[in-house]
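Below is one structure, written out as structure tokens; the observations come after it.
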Amino acid sequence: MFPEPPTPGSPAPETPPDSSRIRQGAVPAWVLATILLGSGLLVFSSCFCLYRKRCRRRMGKKSQAQAQVHLQEVKELGRSYIDKVQPEIEELDPSPSMPGQQVLDKHQLGRLQYSLDYDFQTGQLLVGILQAEGLAALDLGGSSDPYVSVYLLPDKRRRHETKVHRQTLNPHFGETFAFKVPYVELGGRVLVMAVYDFDRFSRNDAIGEVRVPMSSVNLGRPVQAWRELQVAPKEEQEKLGDICFSLRYVPTAGKLTVIVLEAKNLKKMDVGGLSDPYVKVHLLQGGKKVRKKKTTIKKNTLNPYYNEAFSFEVPCDQVQKVQVELTVLDYDKLGKNEAIGRVAVGTAVGGAGLRHWADMLANPRRPIAQWHSLRPPDRARPIPAP
């Protein structure tokens, strides 16, 4: 029952290991390797995260710098077009449009200095628009934004226009225009130099004009003269209505947004004296339609309100090669939809369409709204861009 005592000379029994000795012993190698590996991975991950963060900052700064370059390029492009453009013939209003404004007599209109010369070698009449002074103030601020439209009757379509001079009643133009006309035909022509006040949001008011029968001019030597402005006769023409829309271009995203806002005084197309108008918006490139959008139909109205936005992808290097065309049509449930009028904007369009486009480019990311007079559908087709 009791263990036998050890006999002399026999080996002593083994004693159990002491746990305190194990805790004080050496750590196994695999544990150290695991700890070192984990620490290394942690340090590597931290360094990698910091590296990626710095790379993102650099890329962000680079893209921001590129965006600034795009914005500056587009702004300069827009400014280069602004001074080259003037309103279309259809937008000129010979009568003052300010409320309560009376027709000014010739003593209040101002006067114009011009020059005439004929180049017998090239068969060209050279008309110089030098300056004007004492022009009538047609703006609310007591000033005007004058420019001069020059043409030879009976041809009203072949016009030249000076630049618009902002907020002045004494503009200095200093511009010369050439009309290729055989000398034997000049006697039957009448030179018209009409001074207008430019208005972005309405029709342009006629300040006055000078008419010079060419039969009364001796072109054997250059002529320079001052003439008092006369009241311009009102030209009757079919009114198709006006449309207001805004343009917004974001160069960094290559995004063009057209917002069709409203139209007014549209031509009556239905038997009942109204119309069911809607607007088609086309993006053209090289004279060909590449994208098409359209608004909703507004029933029984000549003054529709839309406020509908349409976006097109236009890369920055293509913005000079595209045009936007807006056509107002009358919806007909039973027959063919009939076009009321059309307007186009772009660098190859000219007139108010070019001015609106140039203002959009000069103010990237900002919507630029403007009223446009509708033109007959067969006369508003944009010119293909080069």
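Please read every residue number as a count from 1 along the shown chain.
Glycine is no exception: its Cβ is also placed from the backbone N, Cα and C atoms.
Summarising the annotation, Swiss-Prot assigns Ca(2+) 2 binding site to LEU138, ASP139, ASP197, ASP199, ASP205 and lists sequence analysis as the type of evidence. In the three-state DSSP classification, ASP199 (Ca(2+) 2 binding site) falls within coil.
According to Swiss-Prot, the feature Ca(2+) 1 binding site maps to ASP139, ASP145, ASP197, PHE198, ASP199, an assignment based on sequence analysis.
Among the features that Swiss-Prot reports, Ca(2+) 3 binding site is placed at ASP199, SER202, ASP205. The 10 Å shell around the Cβ of ASP199 (Ca(2+) 2 binding site) contains 19 further Cβ atoms across the protein chains shown.
Annotation source Swiss-Prot lists Ca(2+) 4 binding site at ASP270, ASP276, ASP330, ASP332, citing sequence analysis. Long-range neighbours of ASP332 (Ca(2+) 4 binding site) (same chain, six or more residues apart, CB within less than 8 Å of its CB): ASP276, GLU338.
As annotated by Swiss-Prot, compositional bias 'Pro residues' applies to 1-16.
When DSSP labels each residue, the domain 'C2 1' (108-227) comes out as 11 helix, 66 strand, 43 coil, counted as helix, strand and coil in that order. Residues or ranges marked as domain 'C2 1' by Swiss-Prot on the basis of sequence analysis: 108-227.
Sorting the domain 'C2 2' (239-372) by DSSP state (H, G, I as helix; E, B as strand; all else coil) yields 15 helix, 67 strand, 52 coil. Positions annotated as domain 'C2 2' by Swiss-Prot, on the basis of sequence analysis: 239-372.
What Swiss-Prot records for 1-21 is region 'Disordered'.
Look at Swiss-Prot and you will find 1-24 tagged as topological domain 'Vesicular', backed by sequence analysis.
Annotated topological domain 'Cytoplasmic' per Swiss-Prot: 46-386, in sequence order. Averaged across the topological domain 'Cytoplasmic' (46-386), the predicted model reaches a pLDDT of 82.
What Swiss-Prot records for 25-45 is transmembrane segment, and it gives sequence analysis as the kind of evidence.
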Message: Applying a 10 Å Cβ distance cut-off over all chains shown, what neighbour count does ASP270 (Ca(2+) 4 binding site) have?
response: 14
- line: Of PHE198, ASP270, ASP330, the binding-site residues lying within 10 angstroms (C-alpha) of ASP205 (Ca(2+) 2 binding site) are PHE198
Query: So around the Ca(2+) 1 site, ASP139, ASP145, ASP197, PHE198, ASP199 aside, which residues have their CB within 8 A of the centroid of those CB atoms?
result: LEU138, SER144, PRO146, VAL164, TYR196, ASN204, ASP205
Statement: Sequence-ordered, the binding-site residues among ASP145, ASP270, ASP330 whose CA is within 10 A of the CA of LEU138 (Ca(2+) 2 binding site) come to ASP145
Message: Rounded to a whole angstrom, what is the C-alpha distance between ASP197 (Ca(2+) 2 binding site) and ASP145 (Ca(2+) 1 binding site)?
response: 5
